[in-house]
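See structure below.
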Amino acid sequence: MKTKLIVVAGPTAVGKTALGIELAERFNGEIISGDSQQVYRQLNIGTAKATPEEQAAAVHHLIDVRDVDESYSAYDFVTEAQAAITDIVSRGKLPIIVGGTGLYLQSLLEGYHLGGKVDQNQVLAYRSELEQLSDQQLFEKIDSLGIEIKEINRRRAIRALELYRFSDNLENTETCYEPFIIGLDDERSLIYDRINTRVDKMVELGLLEEAKWLYDNFPEAQSARGIGYKELFPYFSGEQTLDEALEKLKQNTRRFAKRQLTWFRNRMTVSFYQISSPEYPENVIQDLAIFLNEEEGEK
């Protein structure tokens, strides 16, 4: 029998953390972070990490598991998430994965890994084709497909497009999970308003100080490339005003949210819920109760 688990996905700033905690309390669950930035210790504000109070309300896994100068990959996530799921289930609890890093979630749930089915000649031919494109053309292609990459540069763009193109030919190990994937969504303008408000709130909470510490100590680290930090570096170096840097941060976050939604719609089987609906979140609770074959709210 496959292990049932819940996934709370969606773009940034739609309330994934709050819903995850509510579901953990309602269905006797524990949360696994599915966010590529929340693994880093000392980066709390810019990553929108669950607060100490929120973490006290439900057990959280895969938060604060790396130092800021360490790397983290989809492979690391899959390996550590699988171990966390096994541990959670062994104690009779429900695994609830909460996060917006689509590649991580898909890699875990669909069991993909690079294998012998990929024709390397085809990969090389496609790479040659991509090399003929300008940077702008590559980045437009990335955006149109909803692909998430850590850093917008040519090398990463080409690699991401290769993985996207040949993902259907990757070896697909039989997954042992039966997920119910909740996708949180709303009107685009409302999501953008929430993003803008959240950035302003992050600044009030100390984002500038957190980003400055990262800039002073680990400017080349993988963690420093995440949205929320890199946009502020030109301000610290005197290349931009604070208003310009914050506007860029809001703009990049809005674009990232759009890419996240595109990924979840095109690459995964997701049940979407409008967070502004009067029925939310009770409609989620009801659907999960059915999925888990239990009376509403009981475990």
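Any Cβ shown, glycine's included, is placed from N, Cα and C.
Not measured: the values here are computed from a predicted model.
Feature list (source: Swiss-Prot):
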type	residues	note
BINDING	GLY10, PRO11, THR12, ALA13, VAL14, GLY15, LYS16, THR17	ATP binding site
BINDING	THR12, ALA13, VAL14, GLY15, LYS16, THR17	substrate binding site
REGION	35-38	region 'Interaction with substrate tRNA'
SITE	THR101	site 'Interaction with substrate tRNA'
SITE	ARG127	site 'Interaction with substrate tRNA'
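Cα of THR101 (site 'Interaction with substrate tRNA') to Cα of LYS16 (ATP binding site): a span of 12 Å. Those residues of the chain, other than THR12, ALA13, VAL14, GLY15, LYS16, THR17, with a C-beta within 8 angstroms of the mean position of the substrate site C-beta atoms are GLY10, PRO11, ALA18, ALA48, GLY100, LEU184, ARG194. Across the residues of the region 'Interaction with substrate tRNA' (35-38), the predicted structure has a mean pLDDT of 96. Apart from the site residues GLY10, PRO11, THR12, ALA13, VAL14, GLY15, LYS16, THR17, the chain places the Cβ of GLY100, LEU184, ARG194 no farther than 8 Å from the centroid of the site's Cβ atoms, the recorded ATP location.
Per-site Cβ counts within 10 Å over the recorded positions LYS16, ARG127 peak at LYS16. Non-local neighbourhood of PRO11 (ATP binding site): GLY100, LEU184, ASP185, ILE191, PHE256, ALA257, LYS258, GLN260, LEU261, each in the same chain, at least six residues away, with C-beta under 8 Å from its C-beta. Secondary structure of the region 'Interaction with substrate tRNA' (35-38) per DSSP, as helix, strand and coil residue counts: 0 helix, 0 strand, 4 coil.
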